[in-house]
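Visitor: Right, I'll just put the structure down here and ask away after.
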Amino acid sequence: MALADSTRGLPNGGGGGGSGSSSSSAEPPLFPDIVELNVGGQVYVTRRCTVVSVPDSLLWRMFTQQQPQELARDSKGRFFLDRDGFLFRYILDYLRDLQLVLPDYFPERSRLQREAEYFELPELVRRLGAPQQPGPGPPPPHSRRGVQKEGSLGDDLLPLGSAESEQQEGASAGAPSPTLELASRSPSGGAAGPLLTPSQSLDGSRRSGYITIGYRGSYTIGRDAQADAKFRRVARITVCGKTSLAKEVFGDTLNESRDPDRPPERYTSRYYLKFNFLEQAFDKLSESGFHMVACSSTGTCAFAGSTDQSEDKIWTSYTEYVFCRE
């Protein structure tokens with residue numbers, strides 16, 4: 001940090017040296033004090049002293065050892081890094097005060113460790129690799145012992161120890177527990193199988209639930225009402241539903257930047273897809289066992305260019321499709 005503070009605002013990032021030096025005219029241009037970064041499509045604005053706060057890191061070399069014109073830029077002149085834009089927010093937070101603070105139910109720890117290795121931050125890599133200390137509250141879902149689908153995010157897990165307590169409660173009440181009955185049955189009628197949540201099938205391959213996708217579109221109708229409408233492309237497809245289901249269906253094509261810290265077992269309406277083809281979203285939902293159960297649409301009309309009704313009409317609509325998997 002001392003290096004960044006001492007170099008900020010000085011020619012060529014160096015200290016000492018009179019301004020009348022003969023070599024000053026040949027020095028490379030300075031980096032701005034406020035740096036705009038485009039990381040995988042996500043824009044970050046920070047101070048240069050922040051990105052160079054860890055000596056010998058990748059960002060430190062980029063913004064101290066290279067000239068601005070040597071770095072990649074996007075179409076708007078921002079410095080471009082082809083990395084995970086969502087995870088970079090935690091890299092930037094670490095660079096600000098050299099502290100690691102992650103949200104609860106954070107499932108991307110190993111991926112963040114990979115990003116820390118790329119940016120050459122050994123202390124952050126070490127902290128991410130250390131075992132997590134249990135907090136004062138109940139353990140998060142992914143740290144509890146239970147049964148889950150391989151590769152899932154571990155929501156709605158039923159702890160193995162809860163079977164005994166439910167069995168005792170059922171025995172005292174004189175009625176068997178529905179959860180234990182479901183857990184004790186197997187397709188072959190044999191011994192008791194793994195415990196299942198109400199949202200899982202017997203083979204543990206699916207979880208029931210609803211996903212709603214929506215889009216806002218517009219199209220133009222010419223003066224002749226019989227003419228073909230000119231549909232404009234879908235700008236964004238939104239996703240509403242349970243976080244774990246949305247991630248299961250859409251995977252890496254789901255953009256979580258508007259709600260990055262949502263726990264897997266909670267619901268959100270702020271996700272959207274990285275593509276804008278409705279048919280592609282329908283295909284992914286169909287492949288995951290969902291079928292459409294409802295659809296609704298609302299629209300408004302405006303006149304292009306003037307209030308004269310003879311002009312072209314522009315319709316703007318918002319449409320939602322509700323999908324269900326039982």
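Even glycines carry a Cβ here, placed using N, Cα and C.
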Visitor: Per TrEMBL, which of 1-27, 244-270 is region 'Disordered'?
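Guide: Checking TrEMBL against the ranges 1-27, 244-270, the region 'Disordered' one is 1-27.
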Visitor: State the mean pLDDT for the domain 'BTB' (33-136).
Guide: 90
